[in-house]
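J.: If you scroll down you'll find the structure; I have some questions about it.
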């Protein structure tokens, strides 16, 4: 009887597979990382070059280029990678689709390159979170929580331009450009009066409040393991089995500060709540922007409230309406003649009948 002995030599591909999926590496790569790393590198390199040296972009498609780079007079606050031209619309616009490199730059090609590689990269990062959790035997909720900011990036860079019909409506990649996007979004969609945005505000601000409350309660109820002359941080050893703070004391304090049932007596349910509150809020905001992308806008109160004598009762809705009209008038000043919201009178026919002769 003969036995076959397999050679101990491992192929290069097997070595690569073992390295990619090895959880003992200082930084886990994973199969999603194989996609993530080149995409994020491409997006980052192109973004830096464009922010420094990209020529002006004809964002509105009316031959009035907008400069966004350092070399054309911007600083870190005003600079941005300008979205691709309205003349391109929703067309996929890689470098090889343009006749020349100058044309590609003039029409805002770098914006699409950065955004598409960035979205693929951050999506792969979420997959990598799941992959590492799976290999370590952990539960998958880390990538679920990360899906909230991922969805926010998806809606402002992809879904909103799709709904509006052009990547020129996407969010510029810069500080002032982001603020401009927010103001124009409010002017055109009244996002402040959208219930999903309100839930998102509650999620973000509430999450900040709960995080501060939790951190301060834990810090205030640490189990003392050190002397008065030492920092309390030295009382914790990484991996120790004992609780580092007294949850009973924290529970008792908070229950007396507000009322008993406002305080969690289960550490697991407490931390789930701390994670779920902001995540659900950001998901709602993303859904709100996705609906407004297709012009299902926030509540509008275009008609002022009148009293019995027909006089206007001033409300904050009136202030918001005037602010929206002002922002709409100011943005893209040369792209359209007059905002339709301000055209309150009926249009008169110009040449529907022939003039009388003789």
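Cβ atoms are placed via backbone N, Cα and C, with glycine included.
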J.: Looking at the ranges 101-116, 117-132, 165-180, 229-244, which is given as transmembrane segment in Swiss-Prot?
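T.: Transmembrane segment, as annotated by Swiss-Prot, spans 117-132.
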J.: On a C-alpha basis, identify the one among 117, 214, 264, 331 that is nearest to residue 197 (chlorophyll a PD1 binding site); the candidates are the binding-site residues.
T.: 331
J.: About how far apart, in whole Å, are the alpha carbons (Cα) of residue 125 (pheophytin a binding site) and residue 117 (chlorophyll a ChlzD1 binding site)?
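T.: About 12 Å separate the Cα atoms of these two residues.
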J.: Fewest neighbouring Cβ atoms within 10 Å: which of the binding-site residues 169, 188, 332?
T.: 332
J.: Cα-Cα separation of residue 214 (Fe cation binding site) and residue 160 (site 'Tyrosine radical intermediate'), in Å?
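T.: On Cα coordinates alone, these residues lie 36 Å apart.
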J.: Is it true that the transmembrane segment (273-287) and the transmembrane segment (28-45) have 3 or more Cβ pairs under 8 Å, skipping pairs fewer than 6 apart in sequence?
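T.: Counting Cβ pairs under 8 Å (6 or more apart in sequence), the transmembrane segment (273-287) does not reach the transmembrane segment (28-45), since there are fewer than 3.
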